[in-house]
Each structure stands twice: as structure tokens, then as C-alpha cells.
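*Asks:* Swiss-Prot lists 276 with the feature active site, nucleophile, giving similarity to another entry as the kind of evidence. As annotated by Swiss-Prot, Zn(2+) binding site applies to 162, 164, 276, 564, with the evidence given as similarity to another entry. According to Swiss-Prot, the N-linked glycosylation site annotation covers 106, 262, 467, 675, 772, 782, 991, 1098, 1108, on the basis of sequence analysis. What Swiss-Prot records for 1-21 is region 'Disordered'. Per Swiss-Prot, the feature topological domain 'Cytoplasmic' maps to 1-50. Among the features that Swiss-Prot reports, topological domain 'Lumenal' is placed at 72-1173. Swiss-Prot lists 51-71 with the feature transmembrane segment, giving sequence analysis as the kind of evidence.
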């Protein structure tokens, strides 16, 4: 998205520049080969280095002779050496890794050793926003005239065009109006001159263009890529958001784009380009590293952090995961130094001058003129010297912010290079300027067009030759000469006190749909894998074949929404509708597929007809009528003498013992399992968000189900002559202004007479304030208490917008006494429903708080809260709704929030930055922890924003309704709110050891119990019900169950995905003898101080021993197991940075199929599955 230019006057400061040690040109041509220093180089002490160099030849000769004699003695004459690691990057130089001492795997105190942490930066920086002059957020940059005498400045100008897949237009509108013309222009203009270069990022547009392009255009683009003129950077389906996106979806969107690119053009990206996400997550750095990426470029980080890093020449660094004590996750990063990625803010520190070199702003083009008053002019023989020197001055000033004498200059903006004339204006003028600079040796500079690969390769080569390391710097063995850094870059501020924390919550309805599509897609992928694994080819290969294009469409619709104006909620209203419609269509398609797949997996349907064209016997129990409608439970009409079949699918790796629910129209019903054995059950009245009619007249039916890991289980809902007790009705109590209270039959109702009420199970008791329905505290089984202090509040925010959160003061409580409170106590579920009274006629929120009493289930450990939110109507304009838990945990205003559902990040509330700057993304989990080890966690199944503004507080924003645009290009507010439900799981835990959150700055992990609770919330059981009832007297068919795993996986091992990557090429791969399945695993790191609870809940094993693929599946034989990258394209583990001790043994060894995974790691494997003979 474009930015208006940021103009200002300010004061001066400066830094010196570095010099190198060689002068001749080392700028690579398009035909240059990569010299890639991927692995670690041992760091030596100076004396040792000097000794080695002085005696190098003697040492080398002696070592070589000894090695030769040892080899000859042990093995005889060696044969040819072959490598099992085959890769397209044959020119890579792999260097041996240094030895690093391992630390305890689940020690919460272990962490990375680095030079810089983002916490250190926040502690040090004063956030004064001082005026820096022409570079408003920096200082007046100067340099010495002789800085480049020993080594010339090498300048790479990188043309690019940022193409948002949806923002102010839909993705298809952008393609038709702009992106297809841009790609046509790139192909034509680059083909004219081999000196011209370009980079492209978004595969969603390239794939769309490819479908329309003629064979000649396709061939021309492929040639440009192969010749190095056009580089595909990132290569994901989109340039994803990094705050709200879950790591599952990030992996999916990058893999979808990378695999299409590799299949179509035959290249695999290795440089990431992320100029527009609004803040950066360290999870992204990890995922890219494990996909084989070597370098990253980022732009939108806090302007004060940029300034500090620039002052210390640390804008290029090695990003290391905070938990990585062994330095296996290192990736090289280039951070752009200025306000924006447009041309005025990329050539140097003075935008008024840089804008004069954006030749698309010359009169006659459609772009706005430079706002500083001086405009670009055509370069001629008469003005080339003056223009070149002015441009080179900016290049030199920018280069002083970095350590090396290799300089990157992006040249582009949103949807640029749309016409031949525009592209020619840029290429023509810049080439003339380059020619002048390059033909004058006295300037000590060489400039040319380049790609990211050209730049990063040259930087690495220079760093190999010139020692830029500083005394005492930890750095990295991967690329020497640069500092190491850990942490993330949230929350982003681009100027003054404008913090981009609003988009963590904008359009929360669609953030929730995003997660539903994720877990539904994952479930469908798992079912597809078992279908193709178990089925004989002739019998049922036809079944999934015609669905494969819908599966691909679902992957791509999920990927599209990960765009940094999609899941962020920062697009125009009708563009949001387009995203929502695409996701809704895919949800429907996936549910239909799953409903048919269960028939095959349970052996219900085996007709020879093409079964994917015939109607299914089942349908999803929850359905959405349209893209912006809440899911509605389809009620089961259990008439006398009938039974309804219910099929439950468990997407978890462990057996699920869980209380499940469906909605029924009648109360006189019973539940039976697949053997027609009676199952105890409970009914409760269904309540709704309506203070004039609290009860719908329908009932929630609960029973405890047991479903095998990744499996299916059948239950029956019966009404009639069965030898089972009817579902037990819950008992209701109320505090309400209704007189008389509308007690629904067949329930008994009594009045709440006290100021407090309680619900309880064997683990905890919840205490509520009857006057306002809020949760006061949790009383634990041992008598200890956790104060919760639940409070609903609102910010008044007239300056907030889709991106920015700018509140006018603190949030004020909105709940008043004397609302409706109804408690429901039953056999399996205890619930408190609260419809609070507020100053508005219709409350914007109601809630249900539940405890489960299933017995030995994960649910028993949590407090489940459903917030029904309706921030609808003008009464709520410029309001932002929050829930605040005012606990008694002495957290010192330190809290932890997750990054992309993958890892936790330590957060600290700073008084020196405004309230909005202390809000952070919460994709799925936040917790606070006290000095006595008491921990209070909130799990969410959608991304939101979280803060801890005062001692013991944990505050989460639920929704926001904003009238005004916040000046970041969208041109509107956020007024399209939808009714929605936000679900939290609260968990209060006691530690067996004490830890001060303020003094301990290392990363914290969730407990094992917390991990499992989060997984159950985000990967719920999928429920399907029969479309037609059956006669209760006919007890057939007995569908039974489907249990594909030989045994549940270890509790700390999570299946991220189990899929057939190329379902449309499934048969072809069989003929090519390639593994057709992919299994992605994550081993969870957990806080061992809390292990005692987690092991009590159906947790029989941990992944301390290697995982054995050969005995993982019950009736399937796994073979051809090969480790691969997370984008499923690389098979060289050294490229991916994995620790040597994790690498699998050669396939010729008897331990084939056994793999070890370290905590925190995500590993991907290709494998083949066939039924046992």
C-alpha cells in the first residue's frame, strides 16, 4: 500500500563509513555462479589464527597424509563417493559446522546467545521522536570524501513492483487492470537489454498471468528467470501478514506458491522480499530457513528501532530464534532504513532528492508529482553529470548506514511498471546515470541494475574477504561480519505515536473464518491421504479425482487470505466480501468432500459409480448460510421411533476423550455408541443473544465421546424404544427482571438469591458476581484461589482506523448491575449465561462460561468462555470492545503472547511508549506469570490483540468499529461489523518452582497441558450427521469406527499436516516411483515446571525416542521416507540448517523410517503409503 511522503526538518547527527580492502569491480554478471557460505565457520582466537596461517602448508600436508593413511588402513582403497543429497543448487559450497554444546531440551532457561535482542533495543531507546532534518526520523548523514578510495561502492538498483492481491480492488480486478499489464511490460522491456533486471514476489498473479499468456510469452519469461534477469523472490502465493497468520497457513501459502513455481518454471526461491507486512515475526524467519531460504529483506519496523540499528551499522544482521542455543536457525537479514519502500524513501536519506529520480513522476505519467516541489526530469548529456553526482551523494549517504560497501537500492512502488513507456523511462534514465558513474573512476563507484540474488551474493563475498566483525561480537558462523539478533518486530510504528496495533483485531469475524478454513482444510487433507493410502487404485481412485481441483482451490483461497491486507482486515468492504466468499465456497466444498470421505473410510459406500458425483449420506452439523453468517447448528429432529447417526472425526494425534454437543428439537432422547451401548447424556436449553427471548426452544445435547487419533467414531441419537435412560435435563437458576421467568420445559427453575453463584467440577470452582454476571475468581481443588476479576470495557477512539489503534484514554467499564444471569447445572456441563445490562438498549455482548465434568478429559481443566459480540449500529461508532482479566498475578507488567501459534514472545509494558504501542498480536495464546510461579493463560481460536497495562491485568480486544480512515491509504473506516462468537479457554496453573518474570528475559514455553488445550481449541472435532433418520428397530448399518494409527502419537508431537501435495498428479507420481505423501511434524517445547498436570490427561508417551514411520499406521506400510524442506522442495538437510544429530540415517541402514525431532522443530517428510499385503 502506498504512503504519502513524510516530510520534515530536523537536527543533525552523523556516523562514519567503513572502507574495504580491494578496488576492482566484483559486480557479478547474470552468468556469475553463486558462492554460498551456508554453514558455520569456526571462530578462532587471533593467536591460533596467526599460528595456523604461518604454518598452513605444513599442517595441511601432515593432516592430509594422516587422513590418507587412516582411510587406507580402515577401508582399503576407497571407491567413488556418491551423495544422497541431490539438489538443484549444485554450485553451493557447504562448509563444516562448528561444534556447539547442547543445552537441556526442555529447560525453560536455555536460549540463544546473541549480540542484540529487540528487548534490549526497547530498554535502551528513549522513543523521543527527535526531528532529524531531511531524514526526519534519523539525522543529517555525512561522509568523508576518501571513504571509497580503497574499495569502490558497489550499487545494485533493484526494480520491483508491489502487487497487492486485493486491497482497494479485488485480486481479479487488480489483475485485469494492472498486474497482467505489468508482467507483460516486464517480459518485453527486460528482453530488450540483458543489463536490465527485475524481481517479482506474488505467485497468485504470476499463475493467473501464466494461464492467459501465450507460449511465446511463457517461454520468454522462463528464459529471463533462467538467465538471472528476472528473479522470483519469496515466491509465496502472497506476501503474507506476520502478526495474525497461523504458521500452518504461512507454510501452506509459501509451499503453494513455491511448488507451482518449481513445477512450472523449474526454480526454487532462496531470497525473501517482505516490504509491506506491518511488523515482522521471528517465526517467519524460522520457516523460511527451514524452506531453504538464505536471505531476507524487511521494511516496516519501528522507526526508532531503525534509527538505533542504523547508528550502530546493525541494519544487516543474522536473525536467530530466541530458543536456538545451537545456532541452527540463522538467516541473513537486510532491513531497509527509511520510512517507506517507495522511490523517494529508498535511494538515500533525503526524500526530496530521491523523488527527483522517480522518472515515472515526470509530467505525462499518471503518478503524482513530487510533493517537495522539485520533480524528475529527463536525463541528457547536458545534465547527466550534475544528476549523477546528486544521486551518487544519496547512495553514499545511505551506504554509511551499513557495514559493507555493497549497497541495495530498491526501485519501485505499488503496481509500478504498468506500461512500456513507464518502464523505459526508468530503465533508460538510470542506465544513462549508471554509465556516467561507471565511466568515471574518480567516483570510486559502480552502479547497475540487479536482483536480490546479485546483491546478497556480493555482500556475502565481500564479508568473506573483509572482516567487518567487531570485538566481542557473537555473530554467526553462517555469514561472518554481522551481529546476531533475536526477537520480533512488533508493534510497528511508522511515525510519531502511530502504532499499527489496530489491525490485530480489525474484521475479527473473518479472522475467525480463516481459522475454521485452516482446520477444515487440514482435516480434508488428512482424509484425502488416508483415502489414497488405503484404497486400491481400481476401487476408489475415481472418488477423489474430480475433487482435487477444489482441494487446490481451497489451499489457494486460504493462501490468498494470508495476504497482508486480507487476514489483517485492512481492505475495502467489497474486497473483504470477495475474500469471505472465496473462503465460504471452499469451506462448503471441503465439508462436502469430508462427508463423502467418511463413507468410504467407514466402508459405507463402495458402489462402482463415480461416488463423488452422488449425494452424500451425511452433512456437516454446523453450516453457514452465506459468507458473513455465523455457523448454525443443524438441529436433529429426533422423532418417536427414529434414530439419527452422528459421525465424529478427530483431527488430533491422540485419542480424544471429550464432551461433545449437538442441537436437538426434542428433549426425550438417548445416546448410543456404535455397538448400541447406552451413553450417559445431558440436555440443556439453548440460549441466545436476545434479552426479550433468552431461550430458542431447542436443546443442547451433551455426551462424552471417545474418538481414536485421526479417526472416526459413530454414535446414534435415538427417540423411542431403547433400553437407555433419557438425557438428563440440567437444573436452571436465574437472576432476571423477567416476571415470571420463562422457564423452558422440561427444566426446573429456581431463583438465585445470593450476590454470588458458583459452578464446579472436581478440579475447580468458579465464583460469579450475580449482579453483572462476571467471573470473580477460580477456587482450585487444593483450596488456593486465582482472582480473575473479569471486566468488559470500551475504548473511545475517534482517531483509530483499520491499521492504527489510537485510543482517547483508557477503556471504561460498560456493564451495569441487574442484567440477566442464568446458571445451568448438569451431569456433564455446568454453565453460566450472562446478558449484561449496559447503557445501550441492546447489549453489544453476552457470554457463556462453562465447566465440563467429563472425567479425565482436557476439558475438565479449562474454563471455557464464549463471548457473543454484536458491535452493530451507530451507537458503537469509534468504539473498541475489550475484555479485561484483573488477576492477582504479580506479573510486573510482563506477559507472553504467541507468534503465529508457533512460539511465545516475552512482552513488557513500557511507560515511555503510549498505550497503543503496548498492544501486541495474539494469534492463539497469551499468559501472565507471577514470581511464585502462578500462571494465568488465555487460549483463543482466532487472532486478536492483547496487552497487560497494569499489574496482574491481561486485556484482549474483541472487536472495533471505526468511522474514519487513519491516513494509511485505505480511504475508509471499519464499519462492516458482523455478529460473531469469540471463544477463550482460560487456564490457571501453579508452578512447582518460582520464577520472577521481570528478571528472567528468556523465552517461556506453555506447559504440556496448555499445548494440548490450545490444540483442541484450534482443531475441534468435526461432527457430521445423517441427512435422513433411520428406524430405531433396524440396527444397521453398524458403521463402527476408523482408527488409522497403530497407537496415538507422543503428546509433544503434533501433525502440522498430512497431505498429498500434488493430488492431480497422484497417479503420475506412482508411475515415476516418487513418494506421493507428505507428513509435517512439530515437536512441542514445553515448560517442564508444569509437566505434572499434562501427564495426567491421556498422555502416555513423549517423543524422546525417534519416531518410527514404519509402525505409525495400523494397516498401511510406509516406505521411501525422505526428509524434505517445509515447502516440500529441498532434500538437502544441510541447506535447511538442521542440527547434525537430527539428520536421518541413510536409507540403506536398517533404521530407515526412524527420525528424531528436537523440541520446537518442524520437520517435513515425503513418504509412500500402501496397504499391508
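Each Cβ is built from the backbone N, Cα and C atoms, and glycine gets one as well.
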*Asks:* Counting all other Cβ atoms within 10 Å across every protein chain shown, which of the recorded positions 164, 276 scores highest?
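*Replies:* Comparing the recorded positions 164, 276, the most crowded Cβ belongs to 164.
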*Asks:* May I ask you to report the DSSP-based helix, strand or coil state of residue 262 (N-linked glycosylation site)?
*Replies:* helix
*Asks:* Please give me the CB contact count at 10 A for residue 162 (Zn(2+) binding site), counting all chains in the structure.
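*Replies:* Summing over all protein chains shown, residue 162 (Zn(2+) binding site) has 20 other Cβ atoms within 10 Å.
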*Asks:* Sort residue 1108 (N-linked glycosylation site) into helix, strand or coil using the DSSP assignment.
*Replies:* strand
*Asks:* Closest of the glycosylation sites to residue 162 (Zn(2+) binding site), Cα to Cα, picking from 675, 782, 1108?
*Replies:* 1108
*Asks:* Quick one: of the recorded positions 164, 276, 564, which has its CA closest to the CA of residue 467 (N-linked glycosylation site)?
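*Replies:* Result: the closest of the recorded positions to residue 467 (N-linked glycosylation site) is 276.
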*Asks:* Expressed to the nearest Å, what is the distance separating residue 564 (Zn(2+) binding site) and the residue listed as 'active site, nucleophile' at their Cα atoms?
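*Replies:* It is 7 Å, counting Cα to Cα.
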*Asks:* Give the distance between the Cα atoms of residue 262 (N-linked glycosylation site) and residue 782 (N-linked glycosylation site), rounded to the nearest whole Å.
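*Replies:* Per the Cα atoms, residue 262 (N-linked glycosylation site) and residue 782 (N-linked glycosylation site) stand 58 Å apart.
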*Asks:* Fill in the CA-CA distance, residue 991 (N-linked glycosylation site) to residue 782 (N-linked glycosylation site), as an integer in Å.
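*Replies:* Between the Cα atoms of residue 991 (N-linked glycosylation site) and residue 782 (N-linked glycosylation site), the distance comes to 14 Å.
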*Asks:* Using a 10 angstroms cut-off on Cβ to Cβ distances, just flag whichever of 262, 675, 772, 782, 991 is the loneliest among these glycosylation sites.
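*Replies:* 782, out of the glycosylation sites 262, 675, 772, 782, 991, has the fewest neighbouring Cβ atoms within 10 Å.
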*Asks:* Sorry to bug you, but what's the C-alpha spacing from residue 164 (Zn(2+) binding site) to residue 782 (N-linked glycosylation site), rounded to the closest Å?
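*Replies:* Given the Cα positions, residue 782 (N-linked glycosylation site) is 55 Å from residue 164 (Zn(2+) binding site).
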